[in-house]
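I have placed the structure first, in the form of structure tokens, so that the comments after it can refer back to it.
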Amino acid sequence: MNLNLSLEEVRKLSENYNVIPLYTELLVDTETPLSIFLKLKEKGQFNILLESAEGGEKWGRYSFIITGSSFYLRTRKDIGEIYERGKVNFFETKDPLSKIKEVVKKFIPYHDERLPRFWGGLVGYFAYDVVKFYEPVEDKNPDPIHTYDIYLVLTDVVVIHDNLTGKIKVVVPIFAQNGIEEEYERAKNLIRDTVKKLKERGTTFLNVVEKEPDFKNWRSNFTKEEFEDIVKKAKEYIAQGDVIQVVLSQRFRKRFKGNPDNIYRVLRFLNPSPYMYYLDFDQLKVIGSSPEILVRLEEGRIETRPIAGTRKRGRTEEEDKRLEEDLLSDEKERAEHLMLVDLARNDIGRVAKTGSVRVENFMRIERYSHVMHIVSDVVGELREGYDALDVLKATFPAGTVSGAPKVRAMQIIEELENERRGIYAGSVGYISFQGNMDMAIAIRTAVYRDRDIFVQAGAGIVADSVPEKEWEETVNKAKALMKAIEIAEESQEE
């Protein structure tokens, strides 16, 4: 087995760095990221798959399969716990992001130029309710799913699948402070075991049964009348001038009798998206196909991409072009998009160098598998003294899932919705050893816990919203995920 570094080379690098990637490279052109994930996943350990389909039409260059961890950090309300090398320490906090900062600041990584921008770090999610630590928003609603507010796993084994070449790199970080020889041996053994599993294990085929979702199988936390009532109340706040827009959501749940792995398998071909993820945290699983970035930080460049304005895809190229023109000439859609662009500029401006915030590719159309959207890029340069956690705090949660002005909209959401949002409308992604970050908005995302499956969807309420139409919008948004879940439940593994 060829490795990128010898023990002596690692020892030399450890004079300047305390996190050093050890890896081997293999040609596995008969495998897919999903088949690799299914071969490597183990019950009782952390298993994560991160993929991307650019524009929903072609797969991104790299997919990441992450297994195992000897460290995690998770919080629920003001109590947190850190698991490290077999020991659990509990802590109280009113500022959980500062605790994560402490962890990230310890890393001094060596970056091998042959590796992509992510090869390890913290991976997981931030629930929507984390914002209640940092903004004057109450936390009074019940939490029926009982998920953690923050759940981050430090990567152990990362398999980087290059979708262009068919090669993989099996990467394990060496933590110098734990002893160079011991860590080198540990990393080498993990790489060897991972390669062995890939060679020995088979995968199953899925006999897919196409069907439309049966809405009777699902139970919402609102009746239709109750949801229409909260839309009316939101419109009263809008009429009084409290907010311009507020995003209200409802949550659907059902008992799930199948294999949760198959939800991701079905979702992957039904609705490929820029951010696809499967976080398998044993009893808790987060399965998503999000079209929308929350924020990205890469080498000091901050980027977010407000998405607002939607049309269904046409059946032909000519119909697509007509629908694009119709979307770009819709004053209501343009106004909503402009509001979100302004919100993004303000958010990034809190942590960017003065004068560096700008809008690029303003109001272009991006096509996805089933819909097209108006998209703009808002970028800026990170101000001295700030890091990924500051950027997350400044931009969290997205305006597309809260409203504008953001703080007042969130206060109204807390008043009118009847349950904690949890993972919905939060973010899923990573903070790398180098301090880079890529976070998706947790929409079009299913949460599986103890054989129950939850799907949540929202609608942006504005002055001229029709309550029944807004209820229909939340149902229609949820249906794509419901369809994947019900197909997964009916399909047979072979």
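The chain as shown is numbered from 1 upward.
In case you wondered, yes, glycine gets a Cβ from its N, Cα and C as well.
The L-tryptophan binding site feature in Swiss-Prot is assigned to S52, P274, Y275, M276. Residues annotated as chorismate binding site in Swiss-Prot, with similarity to another entry given as evidence: G309, T310, Y424, R444, G458, A459, G460. Taken from Swiss-Prot, the feature Mg(2+) binding site covers E336, E473, and the record attributes it to similarity to another entry.
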In angstrom units, rounded to an integer, how far apart are the Cα atoms of Y424 (chorismate binding site) and E336 (Mg(2+) binding site)?
22
Express in Å, rounded to the nearest integer, the largest CA to CA distance found among the L-tryptophan-binding residues S52, P274, Y275, M276 named in the record.
7
Taking the Cα of G309 (chorismate binding site) as the centre, which of the binding-site residues listed as S52, P274, Y275, M276, E336 lie within 10 Å of it?
E336
Greatest C-beta neighbour count within 10 angstroms, which of the binding-site residues M276, A459:
M276
I'm trying to understand the geometry here, so how far is the Cα atom of T310 (chorismate binding site) from the Cα atom of P274 (L-tryptophan binding site), in Å to the nearest whole number?
16
Restricting the comparison to the binding-site residues S52, A459, G460, which residue's C-alpha is spatially nearest the C-alpha of E473 (Mg(2+) binding site)?
A459
Take the C-alpha atoms of G460 (chorismate binding site) and M276 (L-tryptophan binding site) and report the distance between them in angstrom, rounded.
24
In whole Å, note down how far the CA of E336 (Mg(2+) binding site) lies from the CA of G458 (chorismate binding site).
15
Residue pair P274 (L-tryptophan binding site), R444 (chorismate binding site) - Cα distance, angstrom, rounded:
12
Counting distance between Cα atoms, which of the binding-site residues E336, R444, A459 is nearest Y275 (L-tryptophan binding site)?
R444
What is the interatomic distance between the Cα atoms of R444 (chorismate binding site) and M276 (L-tryptophan binding site), given in whole Å?
10
Which residue, out of the binding-site residues S52, T310, shows the minimum number of other Cβ atoms inside 10 Å of its Cβ in this structure?
T310
Candidate nearest E336 (Mg(2+) binding site) in space, where candidates are the binding-site residues S52, M276, A459 and distance is Cα-Cα:
A459
Euclidean distance between Cα atoms of A459 (chorismate binding site) and M276 (L-tryptophan binding site), Å:
22
According to DSSP, folded down to helix, strand and coil, what is A459 (chorismate binding site)?
strand
